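Student: Before anything else, here's the structure in question.
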Amino acid sequence: MDSVPSLASGFTLLFSVLWHIGSTATNYNCDNPLSALLPQTAFSSSSELFGSPSPAQLNRRIGPGGWSPVNSNAQQWLQIDLGNRVEITAVATQGRYGSSDWVTSYILMFSDTGRNWKQYKQEDNIWTFSGNTNADSIVHHKFLHSVKARFIRFVPMEWNPNGKIGMRVEVYGCSYKSDVADFDGRSSLLYRFNQKLMSTFKDVISLKFKSMQGDGVLFHGEGQHGDYITLELQKGKLSLHINLGDSKLRFSNSQPSVILGSLLDDQHWHSVLIERFNKQVNFTVDKHTQHFRAKGDGDYLDIDYELSFGGIPVPGKPGTFLKKNFHGCIENLYYNGVNIIDLAKRRKHQIYTGNVTFSCSEPQIVPITFVNSSSSYLLLPGTPQIDGLSVSFQFRTWNRDGLLLSTALSEDSGILLLYLEDGLLRLVIQKMTERSMEIPTGSNLNDGLWHSVSINARRNRITLTLDNDAASAAHETTRLQIYSGNSYYFGGCPDNFTESQCLNPIKAFQGCMRLIFIDNQPKDLISVQQGSLGNFSDLHIDLCSIKDRCLPNYCEHGGTCAQSWATFYCNCSDTGYTGATCHNSIYEQSCEAYRHKGNTSGFFHIDPDGSGPLDPLYVYCNITEDKIWTAVQHNNTELIRVRGAHPKRPYVMYFNYSSSMEQLEAMINGAEYCEQETIYHCKKSRLLNTPNGMPFTWWIGRANEKHPYWGGSLPGVQQCACGLEESCLDMRHFCNWHFWNAPSFNTEASYLHFPTFHAEFSADISFFFKTTALSGIFLENLGIKDFIRLEISSPSEVTFALDVGNGPMELTVLSPTPLNDNQWHYVQAERNLKQTLLQVDDLPAKILETQEDGHFRLQLNSQLFVGGTASRQKGFLGCIRSLHLNGQKLDLEEKALVTPGVKPGCPGHCSSYGNFCHNGGKCVEKYNGYLCDCTNSPYEGPFCKKEVSAIFEAGTSVTYVFQEPYPVTKNTSLSSSAIYVDSMPSSKENIAFNFLTGQTPCLLLYIDSYFQDYLAVLLSKNGNLQVRYQLSKERVHVCTFDAENFANRRMHHVKINRDGKELTIQVDQHPIYRYNFSSEVDFRAVRSLTLGKVTDSLGLDVEVSKVNTIGFVGCLSSVQYNHIAPLKAALRHPSIAPVSVKGILVEANCRSVMEADINTVTTVYSSSDPFGKTDEREPLTNAVRSDSAVIGGVIAVVIFIIFCIIGIMTRFLYQHKHSHRTNQMKEKEYPENLENSFRNDIDLQNTVSECKREYFI
């Protein structure tokens, strides 16, 4: 699957000859002041503070000293008529002289005619220019790309808050010369060749065009042998047809070779460039390019007689054309260096001119844009009480719903509504005395194209016509006669509009309209803009600012792009990927991941490179209790008999896998161990010519190298072969010793550097790290202004910072436990055009939505630094493992070999398996494996993933008493008891728990102190959740959550975090509640924490006492207070923890009783050990049980004796047998502290976590 948004694949075509494409600023200096000598009449504006138009040239001091409008608001503008169409390269601004009036930001608009304006854009977004900070300084801006226009408008966006809008301006550029031809839809140009046949090996065709029509042929040429080339507009997009010599492909019934562009019928100039070199073609429209191979059998384009521009004339029938002609203007038309329009203007004999003029006629059409989906509207007057009604207009939009028209008809004949609903046009007349009349028509009218609508009513008959198709017009009759209304509301209704004149049953319209006629009279929208006609709100008048957000398509991996007016969406169905831009694979990266999701053996898709470009592959996952094997099938798994092989006619067998070599390599690189065994069984056949000669048999690997060895070795020692590797390594080591790819950074000044990370539109970064340092930068890549940085900013925080040109933004994930604990932690960061995301371990992800309008390209140009920065400051100390950028793994260890201060490798079992410990569980190194220590987690299980939960009945109380120091039972292990020694929390609380109940009121959690400080979490009688705080003798602080009734027998998650005077509370997915205490406060000398009923009610707050009568009835789980898990302590360590239980506490899975009536649950049997013992089994990586070893040793001796006997017998039965079997084993590093005997056990066992195993026989 190709990555998006790249539109190109394959090749890039370069030409050594650059044809002339009009006069451009790159050919000469183009920075002359253009407005300094203009007359006063060249300046106009939306309004003038001083009455008459004021020249506003730069440095002007006489008169008003510049331009200021009557009112300072966002509807004001200053316009300059430059006299002719010129090339504009820069602008400069000042404030108004001698005043406090200046503009701090503005946008620019351009036009050829003073109508139908176009906004200046960069990076496909409307560009906002920074303005002035005082009245006198000059701020100069040079354009990234020049603009050709006659009129320019400055539109202030922000200005000095202590003054008004005030501007003096200058425009810089130069004259612009071009050749223009105007086509009226019935005209064309014919370029006739000097010979009968024009045969070309390469072509370059360039032009600019503008049109209001969405269809029309721009040029066409064809030959008698089936060759043709055609460029035509189709529904506002350009279709290019090219065929080189395939006579079966006819233009009349062919599909376009490529389609490019969108919304090209906007009456603005668009550039086209076609470059062909034999079959290779580059097709560029504006800034978008596609590369493709032309259809056909030849390399030459053979065109007979002529090329036609503007249409396809029918031979022998003058004035008749095969398809719809182009209607618009073409500028600077070049065909292989020939200026076609210049030849036509000079009436050269090669050109036949049919009704073409050489100046561009501009229709004076004024479009308007409805910007806001809730408040935009246009009010136009009608002629009331006219018998009948006539309204027509054109619209275009991407939204499926929106009000187009609402009017109250005269003579109480009802209310007329016209609106889009799910892309369908619906006309409704609502009447008081009879049922509503409704006419639906059309479909998918939110396609961004212009659609015309006409409503005509005479007496009792009403007609709705769509897109001027009279044949399919819809008709309806009414009992009462229809009379034209007094006021027509287009697009929406005014805010707080209570009169019946305007109704909107659906949201307001977002899109463009033009050519509005009411009662057969055109409406002057410029008069609306000037305030002399009708009224409006949130409109852009005299421009259509529609934008195709799906060009280019930023949906990755084949995702389908859809859009509304404000944003785009990706349909990721059937792609195998998900996310806002189809960036993330829905499949796991390995069989190991499937096992940890609870899957058993079977066929699965795995995606070894994650979000990378490789497709997922289909494998068989053989999942056992301690091993996971990954098998990829090929086409020859059966025993094949070889007969009659000869050096001149060798026997050849091919093995084809169901996946590509790149997919296999990605899978192998993600495995700890892999093997492929090829076995050759021979009987009286010779493998070797001579002991040192060329062998008779060999196999060829992925590098096209011959390998003369074969698989197989002594039974029981399963050493892997080299079938998928280029060479064999030392037989004592496992395959893929690079699996974890983890270097150690030993100094803050050390770093690894890699080439620039290219991620303009989409970037994902993932890695593991472990450290004991307080802070450090994981990676950084800089641009001129843009940057991207990931760092551990404090012991418990990871920060993802970046800037794409809109200003720096940061996402920070705060961990409730320190991240500098020398244990592995997982970081995943992603940035795309829809959102930015940061996730650390299993903590909730931080997500920030991307603003739709603004810079969006991440442009980096420096080296990528890993583990530090170019300044050698704030470097990272620790280990980084398995760093992936956009699905590609960086070889950190290879760089570490040649980098001072960095060492390859980071030994220890937890470096391999630390990510299996979840929910705050800590990976503890063991001699023969590892252990997930869940002591500091409210969860349990081998991977700290199992919730610890219990059902509380009326009166049940679990009380945890804080003591310091707490006497630890002498028989208790350190890891079990350490958590129960009080750490005397004072200024911080991190509390989290889940609950489920149907009982109110109730007390969930209560914490008190020796100084009458307390914290209570309770449900009030109406089901609201309250958090009550009293700290340091302050008043009681009450935080109430009333988003829903939380006693609804559903699971709810509560998080309470206090850091000094800052308090944040979140319940489920409801918005985070933030509260600041009046000053820094401490929770002084915490005494106890109670779940359920508080038995020692003396001194309880009155409100808490009211809900403490019963306590809590329901289910609690995953209760955590700082590093304490009180519920887990009560259920698992009642004898050693300072916890007491009163009443009935029954361990149960809250989710399993979610559907049950909590109040009626009386007995639930716990699946855990009734004595509260934890599961003492621990994951083992390569352990050998002693009893198994003894039994295995006896069996091995017996088998050895049997094989010896068989071997002696075989020696006598067969006198000559040659077999050569070899294996390969990639190097695997062991921790230095492993004993030799244990290493030998590992080698003999050949235990693996993930592999692919095949036998070739």
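Each Cβ is built from the backbone N, Cα and C atoms, and glycine gets one as well.
Remember, predicted model here, so these are calculated numbers, not experimental data.
Sequence annotations record features per position, and here TrEMBL assigns signal peptide to 1-26. Residues or ranges marked as domain 'F5/8 type C' by TrEMBL: 23-174. What TrEMBL lists as domain 'Laminin G' is 180-360, 367-544, 741-906, 963-1150. Annotation comment: TrEMBL describes 546-583, 907-945 as domain 'EGF-like'. TrEMBL lists 582-634 with the feature domain 'Fibrinogen C-terminal'. What TrEMBL lists as disulfide bond is Cys879-Cys906. Positions annotated as transmembrane segment by TrEMBL: 1189-1214.
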Student: Residues sitting near the domain 'EGF-like' (546-583): Cβ under 8 Å, six or more positions beyond its termini, same chain?
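Tutor: Same-chain contacts beyond the ends: 1-7, 124, 261-263, 266, 288, 369, 373, 396-400, 448, 510-512, 605, 607, 611, 615-616, 761-762, 764, 830, 832-835, 852.
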Student: So, taking each listed stretch (23-174, 180-360, 367-544, 963-1150) in turn and counting its Cβ pairs to the domain 'Laminin G' (741-906) that are under 8 angstroms, which one gives the highest count?
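Tutor: By Cβ pairs under 8 Å, 23-174 leads among 23-174, 180-360, 367-544, 963-1150.
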Student: By DSSP, how many residues in the domain 'EGF-like' (546-583) are helix, how many strand, and how many coil?
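Tutor: Helix (H, G, I), strand (E, B), coil: 0 helix, 10 strand, 28 coil.
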Student: Taking 3+ C-beta pairs under 8 angstroms (sequence gap of 6 or more) as contact, is the domain 'Laminin G' (367-544) in contact with the domain 'Laminin G' (963-1150)?
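Tutor: Between the domain 'Laminin G' (963-1150) and the domain 'Laminin G' (367-544), which are separate recorded stretches, there is no contact, as judged by 3 or more close Cβ pairs.
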Student: Just counting, how many other CB atoms are there within 10 A of the CB of Cys906 (disulfide bond)?
Tutor: 25
Student: 10 Å Cβ neighbour count around Cys879 (disulfide bond)?
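Tutor: Step by step: centre on the Cβ of Cys879 (disulfide bond), count other Cβ atoms within 10 Å, giving 24.
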